[in-house]
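Have a look at the structure below before the remarks.
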2 protein chains.
Amino acid sequence: MSLQVDAARLTHELQVLATFSAAPAPAVTRVVFTEPDRAARAYVRSLCTAAGLSLREDAVGNLFARWAGEDPSLPAVCTGSHIDAIPNAGMYDGTVGVLGALEAIRALQATGLRPRRSIELLMFTSEEPTRFGIGCLGSRLLSGLTDAGAASRLRDRDGATLDDARQAAGFTGTVADVALPPGQYTAFVELHIEQGPLLEQRGIGLGLVTAIAAPASLRVTIDGEGGHAGAVLMPARRDAFLAGAEIALAVEAAARSTDAIDTVATTGVCHVFPGAVNSVPSRCELEVDVRDIDEGRRDAVLARVETACVDVAARRRVSVTTQVVNADPPARCDAAVVDALTASCVDAGFACEPMISRAYHDALFMSRVAPTGMLFIPCRAGVSHRPDEYAAPEDIARGVHVLALALARLAS
Amino acid sequence: MSLQVDAARLTHELQVLATFSAAPAPAVTRVVFTEPDRAARAYVRSLCTAAGLSLREDAVGNLFARWAGEDPSLPAVCTGSHIDAIPNAGMYDGTVGVLGALEAIRALQATGLRPRRSIELLMFTSEEPTRFGIGCLGSRLLSGLTDAGAASRLRDRDGATLDDARQAAGFTGTVADVALPPGQYTAFVELHIEQGPLLEQRGIGLGLVTAIAAPASLRVTIDGEGGHAGAVLMPARRDAFLAGAEIALAVEAAARSTDAIDTVATTGVCHVFPGAVNSVPSRCELEVDVRDIDEGRRDAVLARVETACVDVAARRRVSVTTQVVNADPPARCDAAVVDALTASCVDAGFACEPMISRAYHDALFMSRVAPTGMLFIPCRAGVSHRPDEYAAPEDIARGVHVLALALARLAS
C-alpha cells in the first residue's frame, strides 16, 4: 500500500486546535464543556465531516466519526483519544490520537482502499479529571465500569452536576445509553505521545504498549480549627494545613517505600481555607494520585496513605476523611492488536519496541470492551502536562503511518 | 458624669454593618475597596453625620469624624479601629472599635459635655492584609512608617495597584499627604475584642493593653518542575508543593523551638500550580505570619525559616525565594493613656487587668505618632477571624463606657 501521510496538514490542524484554550499560548487549558472545549469539538467535527465521515455523539459528548466499510454489519475497528487538557498543559496530549487518527483515515481513503470493516474515530469526553475529579469519564461510561447512577452524582468544584454541564453543552441524551453493547468493536487502537522519556533516550521512534499502569486517586479532606494567627497559641492549634502538609509528605514517602521505580504518587491539588495570611487554616483539601504497573503494590501505597491520615488526625487532633475517587486495575493489551501494530511497523520499515504506559488513557477502559492496543511516539524530554510539551512532526507522521497500516490490517 | 451607653442601638448597628459582606451570614468577608467595603463605609459615614460629626477622608480612605472641642486648635484625642474583614471572618473584629467609639461619643454628647479638646473617630483603611499583603495599611501610612513610594508598588493578586483600587473606590487624593503632621493627637485609644481567651478565662471584663506583639510576614515562592503525575518517576521529581509542605512544617517547628508561649507562626496561604490531580506541582506560593512580644526572638524565628528554605531548596533541587513583607517592632503603650483608662475603670467600678496584645492593630502604628493605649473586651472562647466570633452586648457596652470616660478625661 502506497500511503502518504500529510504531516504539514496535520501539524496545521494541531496548531489550530491549540488555539481553543482558556490560557494564552503556548499553554493549553481546555476543560470539558467549557467554551474552549466546545469550540474545539466543533472544529474536530468540521474536519471529520470534510473527510466524509458520518458523525454521532452520545449523551456525554463522546464523538463517533465513522468511515463505513464494505460490510457495515461487522464489528468496526476503532481508534481515538481525547482533546481536553488540564490547566496550563500542552498541545499534543490526546490531540495527536484524535487528529492523527483522522489523518490516518484520510491517508487510507487516498489510497483508494475500501476496508471490509468500518473504521471509527472515537473522541472521548473528559479524559482529564480536572472538572469532575475522575479521569477517563467518557471511556469509563462506554466500558460500563462507571454507570449512569455514579455519573449522576458527579459535581464540579462549583457544585454543577455532570448533567447540568453536559446539557448546557448541548448533550441531552440518556447517560444510561452511553455504555457500548458487547462486541461493538473488533479492536481499539490509541495513538499517543509517550509522556515519558524512554523512546527519546533510546532513539526509538515507536513504542508498542503491552500494559497500562493501574491508577488510583484519593480526595483527602482535613478539618481542624481556625482562628487568629496572632492569638491562638501554638499548643492549642489544630491547623488543617500543617496536617495536609504531613499527609502530602507521607504520600511521597509511601511511593518511595516500595523501592520500585514504577510506583509514583503525587499530591497535585491543595486548597487551604480560609486562605488568609493571618488566619490559622481551618480546612485543607488534597487530591492524591497513585499509580503502579502492579495493582497490589499500588494498593499497598494507598493503604500506607490511609494509615498516615489516621496517624496525622490523632496527633494533630484534626478530622481527616479520605475518599477513593477511583482505583482501577492495570490493563494488558491484546496480543493480536499488538501483533498487528508490530507487523505494520515491519511493513513500514520503522523500528519499535514494547513498553509500559505509566500514564493511563482511555485505552485502559476500552480494553474492557474491545481487544486493545496503544502506539506511543516520543515527546521531547518526556515532558507532558506542561506548555513546553512537544512532539516532532516527523515522529507524529511516523505514528500516523503505522496507525493507518494497522487500521487497514485490522479492518481487512 | 452620668453616662448612658445605648447597648441595643450599638448591637443593632453592628448587625447592620455585618450585612455588608461578600460571604453569607454569619460569615463576614469585607475586603478593602470591594463593593461590601464601600457600602459599609457609606453606612458608617451616615451614622457619623447623624451624630453631628464633621467628616474628612484621606487619599487611601482613612475616615476622620470629628466632634469639635471648645478649643479646636489643641491636639485632639483620637479613637478608632477598622471595618475591613478577612475572608470568612466574624462581625466584631475592628467594628467594635469603630461603632463603639461612635457610641462613646454619642453617650458623651448626651451628657451635655463640651470637651476642651476635639474628639476624633478614626476609621482605618485595610487593617487586614488580605488584598495587598500588608496589614494596617492605613495606619502605616498615617504613621509615616510606610511612605507613598512603597504604597505605590503594592499590588493585589489580580495585579491591580493600590492607586487603581483606591481611585476606583473614589479616593483620589495624594498618598504622600496621608502621613499625619507631628503632634496631631494628644492621645489615641483603640477599643477591640481580645481575640484571645484570657479575659473570659479569668472572668475579667476589661483588659488594659501595655504592649503589642511584634508582627512579621513573609512571602515564600517555590519553583520546581512540573510534569505528568504518571510519567515523571519519583527520583526525577522537583515537586514545588512538597517543598512548600516542608517549609510550612519548618515554620511551625521554628515557632515551637523558642519554648516561649508568646511565639506564634502560621502558614495561612498556600497556592499550588497548576493545581491538577494528575500534574506534578511546578510552583507553590506560601504566606507566613510570625509574631512575638520579643522582637529579637521573633527575628530568630524568621532566620530559622530562612535557613529551612535554603535547606529545602538544596535538598529538593527547587528554587525558593523569600520576601519579608513586613517586620515591625513591638509597641509599648503610653503610661499616661493607660493611667487614664485605669482611672476610668475605677470611676465606673469595673474590674480590669493589664495584658499583652498578641494580635496587632492599628494602635501599633499610631503609637509612633501619638501616646497610645488599647482597651480589650472578652470574646467567646478567644475565637476570632471566624464566623462564630462573638462578643456579648454587655461586654461591648462596658468597654464603650470606659472608653467614653477615658476620652472625656484625655480631652479635658
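Note that Cβ sites are derived from N, Cα and C of the backbone, with glycine treated the same way.
Bear in mind that TrEMBL entries carry predicted annotations, made automatically and left uncurated.
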Look at the Zn(2+) 2 binding annotation in TrEMBL, where B:E128, B:H385 are given, and name the residue from B:D93, B:D156, B:D158 listed for that site too.
B:D93
What Cα-Cα separation, expressed in whole Å, is found between B:E128 (Zn(2+) 2 binding site) and B:H82 (Zn(2+) 1 binding site)?
9
Within the domain 'Peptidase M20 dimerisation' (B:216-313), count helix residues (DSSP H, G, I), strand residues (E, B) and coil residues, in that order.
40 helix, 34 strand, 24 coil
What residues, ordered by sequence, lie under 8 A Cβ-to-Cβ from B:H82 (Zn(2+) 1 binding site) and sit at least six positions away in the same chain?
B:G94, B:G97, B:V98, B:M123, B:F124, B:T125, B:S126, B:E127, B:E128, B:G138, B:D362
Of B:H82, B:E128, B:H192, B:H385, chain A-adjacent binding-site residues (C-beta under 8 angstroms):
B:E128, B:H385
Please report the distance from the Cα of B:H192 (Zn(2+) 1 binding site) to the Cα of B:H385 (Zn(2+) 2 binding site), rounded to the nearest angstrom.
13
Rounded to the nearest Å - Cα separation of B:H385 (Zn(2+) 2 binding site) and B:D93 (Zn(2+) 1 binding site):
7
Average pLDDT across the domain 'Peptidase M20 dimerisation' (B:216-313), rounded to a whole number:
95
Give the sequence-ordered list of residues that share a chain with B:D93 (Zn(2+) 1 binding site), lie 6 or more positions from it, and have CB atoms under 8 Å from its CB.
B:A85, B:H192, B:I193, B:Q195, B:S384, B:H385, B:E389
